[in-house]
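Dropping a structure here in structure tokens format, bear with me for questions.
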Amino acid sequence: MDRPAAAAAAGCEGGGGPNPGPAGGRRPPRAAGGATAGSRQPSVETLDSPTGSHVEWCKQLIAATISSQISGSVTSENVSRDYKALRDGNKLAQMEEAPLFPGESIKAIVKDVMYICPFMGAVSGTLTVTDFKLYFKNVERDPHFILDVPLGVISRVEKIGAQSHGDNSCGIEIVCKDMRNLRLAYKQEEQSKLGIFENLNKHAFPLSNGQALFAFSYKEKFPINGWKVYDPVSEYKRQGLPNESWKISKINSNYEFCDTYPAIIVVPTSVKDDDLSKVAAFRAKGRVPVLSWIHPESQATITRCSQPLVGPNDKRCKEDEKYLQTIMDANAQSHKLIIFDARQNSVADTNKTKGGGYESESAYPNAELVFLEIHNIHVMRESLRKLKEIVYPSIDEARWLSNVDGTHWLEYIRMLLAGAVRIADKIESGKTSVVVHCSDGWDRTAQLTSLAMLMLDSYYRTIKGFETLVEKEWISFGHRFALRVGHGNDNHADADRSPIFLQFVDCVWQMTRQFPSAFEFNELFLITILDHLYSCLFGTFLCNCEQQRFKEDVYTKTISLWSYINSQLDEFSNPFFVNYENHVLYPVASLSHLELWVNYYVRWNPRMRPQMPIHQNLKELLAVRAELQKRVEGLQREVATRAVSSSSERGSSPSHSATSVHTSV
């Protein structure tokens, strides 16, 4: 199938970078905008940052507007009629219109808009706003310059105006969630006629404007149904469950037991529903300890939950204490239970004064409590903000390392990996069951359990296994994607936003760097997942929990991201992958072994892109490997045929065993 071109990685900054997913209609590969396109405009690399002064930028907007000699635009009344005529006449190139997805519609077209690129200078072209994307194109350059941005990645839109030389000009600054910002300039009269700013706000933030996300309008057809990738019963069966110690429970089948948990959970066999309800009353949000993963040999388990509601008076719950004892007893290899609290000890103490808390060793005598000292969502959000400041639009080469260090981003990645390694080591080497929680059990808990499971279980390092891991530990167990990402919401300052899932994927990428042959998927796979975390093209990351997804008909009215990915696995496959089953990975969680993911965080800067087309080279290697495998299979068949023929000719003569060809590619 033809691969849809990517909006999430297109344009001046990204046109020559990775192409991680669909964000426009099916179309031939497009030329990238970059330093080689057309005549170079005056550089604007010294533009203020999005948080800096707007005065200098307004001056540049005026100059850009005057120099562009803006001549006109397409009125909103003519958009649909003109588009139909051009489509029927196959004249899309004439009007520089955007290719559309099935279900996507054009909302506004404005000609002679100026895109102020921080790397190439000002570029004049046609701006198209649809209900899914912002599409800017200049056909005068060779190759054509294209900026293709899903509206879902937009965090906020700011309008700026100025007057000079009697010529009104407008500017729009678009702050994105994927480490870039965009600046556009056009005549004031065009804004008045077409409402560019209003159109962008309306369709970039549909939920704030009483509309549905575009994923509910997207009508692409794929040969594979990605919603069938994860089946909880099948996944637990793969792990050997149920068994004598653990049962698959449907106590939450109607989401009344815990509204943020999945319908199907695994709990100790001996625990009665009444006792389970009492445990739920003692755990924040009713998120009781439930099984995530079980070791196939030792039966040591990873269970996840939320904090106990101990409070300042050290409240106890005998059912909860007995419940954790039952979890420990289910593993005959150890007489101890390790409780990993992801939080900082001081923060957990503060939570205790507010009614939360942690398990005391006096109430849980066979448990050992370990604080992993990982910071909260607000600290992580601020760290990413600092990182964006140093990677876009310009990079201070002289202070690069110290600037990266100052964001603490890699330090927080290190802490997550170190915590997950400790969990995996207790399970694998210590044969000890562990309980993992933070405050509510849907942020740091998901990071730690999924990373530990990735280290312990080679299945999760395959493409479909990783999809299962994300569906299970993140989506079904209630990571609040809608709140953490802010899908379709214009409240960019919402304190609930945080790059929790991004950190997890970054940790996975760090592991692929340390174990390049241990993962079936490649870097493009991870970037594609992150791009569509924001794009709102697919339904995979919408809503906050499983119950909400059913209420919103996400599974029936939207398409899964895995439908797209699994329909073209070669694009996302690692040619160096070797499937070592039962092989545990222990990544080195040291800053000396970690690096900033430049191909993701700095991909919009054309000067930071790798000189070699890595993705194309990987595809070629996959083709070579497939050809070599065919040749090996052919040789094996030839050897087998000769052996049979030789045996027949000798008849009753003593048999000679043929030597098999054993070749690994």
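Quick reminder: no glycine exception, Cβ is built from N, Cα and C everywhere.
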According to Swiss-Prot, which residue out of Ser43, Ser164, Ser647, Ser657 bears the annotation phosphoserine?
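Checking Swiss-Prot against Ser43, Ser164, Ser647, Ser657, the phosphoserine entry points to Ser43.
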Near Trp442 (phosphate binding site), how many other Cβ atoms are within 10 Å of its Cβ?
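The answer is 25.
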Along the domain 'GRAM' (90-161), what average pLDDT does this model show?
87
Using the CB centroid of Ser439, Gly441, Trp442, Asp443, Arg444 as the phosphate site centre, which other residues of the same chain sit with their CB within 8 A?
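Along the chain, the qualifying residues are Ser306, Ala342, His437, Cys438, Asp440, Thr445, Ala446.
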Least buried of the binding-site residues Gly441, Asp443, going by other Cβ atoms within 10 Å?
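If we count Cβ atoms within 10 Å for the binding-site residues Gly441, Asp443, the smallest count is at Asp443.
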Mind giving me a neighbour count for Ser439 (phosphate binding site)? Other Cβ atoms within 10 Å of its Cβ, every protein chain shown.
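Counting Cβ neighbours of Ser439 (phosphate binding site) within 10 Å gives 22.
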